[in-house]
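Undergrad: Can you read through this structure? Questions will come right after.
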Amino acid sequence: MSWDQVWIDVNVASMDPSVSAPYGAIIDAALAVKDGKIAWVGPRGELPEFDVMSTPLYRGKGGWITPGLIDAHTHLVFAGNRANEFEKRLQGASYEEIARSGGGIISTVKACREASEAELFELGRKRLNALAKEGVTTVEIKSGYGLDTATELKLLRVARELGKHHHVDVKTTFLGAHAIPPEYKDDVEGYVDLVINEMLPAVIAEDLADAVDVFCENIAFNIEQTERVLTAAKDAGLDIKLHAEQLSNLGGSTMAAKLGAKSVDHIEYLDEDGVVALSKSGTCATLLPGAFYFLRETQMPPIDLLRKHKVPMVLASDYNPGSSPLCSSLLMLNMGCTLFRLTPEEALAGMTRNAAKALGVEDKVGVLAAGMQADFCLWDISTPAELAYSYGVGVCLEVVKDGHLVHQ
């Protein structure tokens, strides 16, 4: 066999559902890479013969290899911060009260409208580096802090440029319907028209988005407005997803599922009818414990119902300046378990296999199997559960992206 690299003295948490062991685990494993893809993975004793003299051999010292982590919901391209609102919330103001008073998303919109693409790129690069150091190899980045055509395009251009200049794969999502801008506060339908008839065609013309998202909530867009935007996006050939049931149950998840959404996100107030709709459509449920924690929410997502109806659960950081300024995927693994009572295996699946499904890239990443992209991490852990159990001790030893060692 002729391979580009071989890894031995490792255990592999493949996350491959066809492997019956928890985590898809292979103890005392070997993994071979060829042309940026996994060429072989399995028990070391079954490793085919290869040219030891000409093949780089990496020894994992008994550590664990997992798929590269996937953060499937972020807003990491933005300017400014909202530390002042953090203080207000601690003094008793709610997220909704701050938003209605012109704070929240709108304050970040002002900063983003004023920032240059170069400034936004540098800010985004630093945040992407932080995620990459924790083993993230694929990330989704949303717009939504422009709320006018020029700034929405600017944010998406920056996200695309980050993907071109960083080893982390970037999937972009157009979230023009994130909030109602001040200039349209008395004409929400007019703003929805702008999103559909001006912003969306401009985004498509520059090939700036892989998907379209909407914030469906009482303080944002109602069901009818949301459906208009998602239908237009679907008709244009883009994937669709939705912020839904975060603060109340408007039925957005059921509507999005009927349209074939890749995921619905937040879903603290999702009911069983909505869960059943997700199950029937194959739509993923994206859990965002960072926002739940930071906003000090008490309504938990319906984890038991999602399990009962076998809805794929995704775990993501929701990194953003207002409700989850927590740029750490490993922290989300811990929070997913401690706050939402996920098992460590469910949490890891939520940042690998299921996250890939939510982004429509499950044929490329998310599990370690022959033919998949060689995106994986070596961890200094004795069991995969440690990734969720412990935090902050620097257990990510090495990251391989497309067969290239990018972090050591």
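Even glycines carry a Cβ here, placed using N, Cα and C.
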Undergrad: Name the residue, out of His243, His309, that Swiss-Prot lists for the same Zn(2+) site as His73, His75, Asp318, please.
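TA: It is His243, as the record lists it for that site.
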Undergrad: For His73, Arg82, His178, His243, listed as binding-site residues, tell me which one has the smallest number of other Cβ atoms within 10 Å.
TA: Arg82
Undergrad: Which one is closest to Gly322 (N-formimidoyl-L-glutamate binding site) in space, judged by CA to CA distance, out of the binding-site residues His73, Arg82, Tyr145, His178, His243?
TA: Arg82
Undergrad: With Cβ-Cβ distance below 8 Å and at least 6 positions apart along the chain, what are the contacts of Ser323 (4-imidazolone-5-propanoate binding site)? List them in sequence order.
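TA: In sequence order, Tyr95, Gly290, Ala291, Phe294, Leu295 meet the Cβ cut-off.
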Undergrad: Could you check which of these binding-site residues, His75, His178, His243, Gln246, sit within 10 Å of Asn320 (N-formimidoyl-L-glutamate binding site), going Cα to Cα?
TA: His75
Undergrad: Only counting partners 6 or more residues apart, tell me which same-chain residues put their Cβ under 8 Å from the Cβ of Gln246 (4-imidazolone-5-propanoate binding site).
TA: Glu217, His266, Ile267, Glu268, Tyr269, Ala291
